[in-house]
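Listed in TrEMBL for this protein:
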ACT_SITE  554  active site, proton acceptor
BINDING   150, 214, 416  FAD binding site
BINDING   279, 280, 281, 282, 283, 284, 285, 286, 374  NAD(+) binding site
DISULFID  141-146  disulfide bond
DOMAIN    452-563  domain 'Pyridine nucleotide-disulphide oxidoreductase dimerisation'
């Protein structure tokens, strides 16, 4: 009752309860509803309600902590204007919504709520890395994730295209070399413009932006601590957690003192030199890939498998291509110590690593050690225990229902901190917008987490939508599936003399659902652009026959999906002999 603007105690089969729900829905007012016939202690709740309200029936309605009564009294209050007056008396809180975290999901939610006329605050504070790196408004994606990653990936691709250019007749005699400092300055200038754009957008929508660390101190109340340690307190009716994640460390001697993470790499003021990347995540492979692509000596140390959770056939093909193009892989080893031999920009570090399969240890010297072993949710130190929000003790992730609501009714969450959801920027943005519309505009639309496309921006890009082959077999059984696949040779690679059996496409079809495409996978140039288009088709229920009926655009890489004929079960050769 205390935590909700409108609280309805109801029974799912009660027609009077249904009328009241419809009334509040027509007013665009969000209600918290407890169906007493669907909870174990419903009878006890009703008993307590009768004691405090002297009303034994349902619906039993409270508006802003005021007991409204049942169905008839609520409709009478609506006709007299009393209900509207009570709904407006929400001045107990300073804000309608406070969003903790100014990343993609948090900003999307805050701005949408403000567009809907609500009083909104965004709290955003970047705790500096052990190396002292911090950044501006916008979250991981803009500052230390997708945006700088894709730009550095592009820098590496341009290096490859310079080599290809000679085969196409471009003549240049002087040696071409890469300048790290020039690249970093250009990328950081672009990111700075995005930071400013976010701040301007919040100002235009009258969202209050506070560069402070938010922490719950009691129900509906948070403490905001700025860089100087000054504390301010704010209250709100609703809260959205959008705190995101930060890179994990190994917990070995020298890791935080001498290693960097992706949080540091994209603004590193000097070229990292000979680099050891620790990890097999997409972050590890992407960073290792573009560092090698600009000419650095790169080794990737892998504990077990590449790209855990991704399609393993595709993951191994990604790794194989990187290995063929200069990236060294050190498999089945983990670092146990990092020791500084020389200071500098970069310095020299000795890494001692141990085999995961026996007593063997190895040592090697690198200029830079980049840790990319996974990310930890920023949910531990924001006071959630003080208000009772459930957090997965092991992962730090927050369980939510299908409308992103936590177990505390006025607290919601979006983005990478959600348990069992994909960690992708566009998902956070979509979920944030839709959440604001449900909270403040009476919308019922929920975020759809099915068939979300993604791309790993390794030197040869890997695009994916739907299920991995392993997951498809687990869900649908192997005998119910047909997998179509082929290698393909991009036309741009032919004159350049690049390998004609490297790029690969496959689709996974459910034979007993009209050959519906349930998994889409491509390894090749511009895989992100190709996957985005086919993802829309998969949302529409794409089948193999529809792909066959589609006329391809020639010559493109994407057209390969309109001519797939060979199935894995046939065992036929898929190597390419020509265009």
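For all residues, glycine too, the Cβ spot is worked out from N, Cα and C.
Because the structure is a prediction, the values reported are computed rather than measured.
Taking the mean position of the Cβ atoms of 279, 280, 281, 282, 283, 284, 285, 286, 374 as the NAD(+) site, the remaining residues of that chain whose Cβ falls within 8 Å of it are 277, 287, 307, 372, 373. Counting residues of the domain 'Pyridine nucleotide-disulphide oxidoreductase dimerisation' (452-563) by DSSP class, helix then strand then coil, yields 41 helix, 33 strand, 38 coil. Residues 279, 280, 281, 282, 283, 284, 285, 286, 374, recorded as binding NAD(+), reach a greatest CA to CA spacing of 13 Å. Residues 150, 214, 416 are the ones the record ties to FAD, and the longest Cα gap between any two of them is 31 Å.
Each residue contributes its Cα atom, and for residue 141 (disulfide bond) and residue 214 (FAD binding site) those atoms are 20 Å apart. Here the Cβ of residue 281 (NAD(+) binding site) has 22 other Cβ atoms within 10 Å, regardless of which shown protein chain they belong to.
The Cα atom of residue 285 (NAD(+) binding site) lies nearest to that of 150, taking the recorded positions 150, 214, 416, 554 as the candidates. Around the Cβ of residue 374 (NAD(+) binding site), the same chain contributes 247, 248, 279, 281, each under 8 angstroms and 6 or more positions distant in sequence. Distance noted between the C-alpha atoms of residue 554 (active site, proton acceptor) and residue 416 (FAD binding site) is 39 Å. Residues within less than 8 Å, Cβ to Cβ, of residue 416 (FAD binding site) and separated from it by at least 6 positions along the same chain comprise 140, 244, 245, 375, 377, 423, 428.
Sorted by the number of other CB atoms within 10 A, the recorded positions 141, 146, 283, 285 start with 146, the lowest. Taking each Cβ in turn and tallying the other Cβ atoms within 10 Å, the top scorer among the recorded positions 150, 554 is 150.
Across the fold, the C-alpha of residue 214 (FAD binding site) and the C-alpha of residue 146 (disulfide bond) stand 25 Å from each other.
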